[in-house]
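Peer 1: Once you've had a glance at the structure underneath, I'll fire off some questions.
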Amino acid sequence: MLNKPVLVESLIVFIIVLFVHAVVWDRYSWCAVALTIQAFYAQFKWDRLLQLGGAVFQFRTTANSGLLPASMVIPLLGIMMKERCKSAGIVYFERFGIVVASTGMLVALFLSVIAVGITKPVPTNTCILTGVAGSIIIYTMKHSLTVSEVIEVLEVLLIFVYLSMILLYLLPRCFTPGEALLVLGGISFVLNQLIKRSLNVIEGRGDPIDFFLLVAVVGVVLLGLFFTVLFIFMDSGTWISSMFFHMMTAVLGLGVIMPWLYRLIQRNPLFWLLQFLFQTQTRVYLLVYWTFLAASACGIVFYQNAKRSSESKKHQASTITRKYFHFIVVATYVPGLIYDRQLLYVAAVLCLAVFIFLEYIRYFRIKPFGQTLRHLLSLFLDERDSGPLILTHIYLLLGMSLPVWLFPRSCAPKGTLSGAGALVPYSGVLAVGVGDTIASVFGSTMGEIKWPGTKKTFEGTMTAIFAQIIAVALILIFDSSVNLNSSYAWILASVSLVSLLEAYTTQIDNLLLPLYLQIMFMA
């Protein structure tokens, strides 16, 4: 039997799916409901495989499979993008939303089929449900997608299969099946979009900052794969290997990534980036302010490590200490969202590339900073960092940035959506920066009534909802571009459902919660 927290988590996800499709019911709604029911049964099979150690790869053992909540994210994002762009009359991005939704459904279905295929004895009921859901999805795709769009969906699925085989083998215990679906599915889609746009470059077509995101993500992933294969044959901790690492990073960056970006934006990437960053005085002020916050975050890391005594080497930072970084991130993102979202977009991409590059240095023990980073960051590990990589800080950055990156700017009149949609870029700030932080702090210090089957408290969840409502009120005061049009009941329902999901999910909440809040706001 599924345990109670998993049942409640599944119920919350199913309610979110019904809420969304109550607003935009169409042929894709049948696919989403069928996928939800099928993923619930397949999740049970994945959980059983993880408990018995029968999964093909080594997944994170401190959580359930998380297949249901992860399976619905990409399809719902695609459906909401389709609806928003359809109402704005932007046909290209309406079709793009359909491709995103179809790809998400097919990738989720593929992961479910794997679980069904390796479960012994063969689960008859789950097989039937998988077949029915697959038939509905494929039938809808047949009548919705053009031939070129079908090929694009299959390309993403193929990339996902190969990436999964490579990365899940190289990085054991870093992901649950659901987290692998979200992360690797997203990387697969980004890689396919970059290849597609590189082969069909039209001068003056497309926003340079979108190309910057695609090239940065694919570049750091390819860099990691290259060095992972290389260091199989040589010791990464020597000075010679470290010099080779830095030299090859420069060669790949200047010889591959920069020319690739030049082909897409039709100008020198370094000159474009410098001109973009220092274009206005407001941007200079924001950059100086962000530099001060980054120095403050580094200061917290050094200070907490200095407090670690030699007698307590196993000492770990408390939950409240780790939430300091959430407060710093909120202080970073809110001014960017109010004053210059394009600058925030590019700065978040740069920060992601730096975080991943520093993680490579730590993971491969690259001199002179590799061992130092290992020592400094070990203080902030928790049960979710059970694999060779430390990903929680990267997930925090992604959770705050994804609503900014995925905001459908082309389908938003004057750069903003109406109603609750105006809060879409703030989804990460509300769900992670405010809600998750307040829930953890108040729940761990004053919480007494625990939600059944979890360590989370009723007081923490209620305080998180209240804090997010206050944050929405402050956004209305300070951001003149936000106009909610009396959609307060929907906002309250959205915040409440996502806060309940935070209480019951065992997945990486920094990644999952902002995406669900964004979906609800876009609806």
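Including glycine, each Cβ sits where the backbone N, Cα and C put it.
Note: TrEMBL annotation is automatic and uncurated.
Reproduced below are the annotations present in TrEMBL:
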- 12-41: transmembrane segment (TRANSMEM)
- 92-116: transmembrane segment (TRANSMEM)
- 122-141: transmembrane segment (TRANSMEM)
- 211-232: transmembrane segment (TRANSMEM)
- 244-262: transmembrane segment (TRANSMEM)
- 282-303: transmembrane segment (TRANSMEM)
- 324-339: transmembrane segment (TRANSMEM)
- 345-365: transmembrane segment (TRANSMEM)
- 386-406: transmembrane segment (TRANSMEM)
- 426-446: transmembrane segment (TRANSMEM)
- 458-478: transmembrane segment (TRANSMEM)
- 490-517: transmembrane segment (TRANSMEM)
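How about a rundown of where these features are and what they're close to?
Peer 2: Proximity of distant same-chain residues to the transmembrane segment (211-232), defined by a Cβ-Cβ separation under 8 Å and at least 6 residues beyond the stretch ends, is recorded for 166, 170, 187, 190-191, 193-194, 197, 241, 245, 248-249, 252-253, 256-257, 260-261, 264-265, 269, 273, 345-346, 349-350, 352-353, 356-357, 360, 364, 405.
The list of residues near the transmembrane segment (244-262) in space but at least 6 beyond its ends in sequence, with Cβ under 8 angstroms from a Cβ of it, reads 198, 211-212, 215, 219, 222-223, 226-227, 230, 236, 268-270, 357, 361, 364, 366.
Proximity of distant same-chain residues to the transmembrane segment (324-339), defined by a Cβ-Cβ separation under 8 Å and at least 6 residues beyond the stretch ends, is recorded for 282, 286, 289-290, 293, 296-297, 300, 347, 393, 396-397, 400, 404, 425-426, 428-429, 432-434, 436-437, 478-479.
Panel annotation: around the transmembrane segment (345-365), residues 209, 212-213, 216-217, 219-220, 223-224, 227, 231, 236-237, 241, 245, 249, 273, 276-277, 287, 290, 336, 371, 373-374, 377, 388-391, 393-394, 397-398, 400-401, 404-405 of the same chain, lying at least six beyond its termini, place a Cβ under 8 Å from a Cβ of the stretch.
Note on the transmembrane segment (386-406): residues 60-62, 77, 171-175, 213, 325-326, 329, 333, 337, 341, 344-345, 348-349, 351-352, 355-356, 359, 362-363, 377, 380, 424-429, 431-433, 508, 510-511, 513-515, 517-518 of its chain, located 6 or more positions outside it, place their CB under 8 angstroms from a CB of the stretch.
With a threshold of 8 Å between CB atoms, the same-chain residues lying at least 6 positions outside the transmembrane segment (426-446) that come near it are 319-320, 323, 326-327, 329-330, 333-334, 337, 396, 399-404, 456-457, 459-461, 463-465, 467-468, 471-472, 475, 495, 498-499, 502-503, 509-510, 513-518, 521.
If you look at the transmembrane segment (490-517), the same-chain residues 6 or more away from its ends with a CB under 8 A from one of its CBs are 5, 8-9, 12-13, 15-16, 19, 62-64, 66, 69-70, 73, 77, 176, 178-179, 182-183, 384, 391-392, 395-396, 398-400, 402-403, 419-420, 423, 427-428, 430-432, 435-436, 439, 451, 454, 456, 460-461, 464-465, 468-469, 472, 484, 523.
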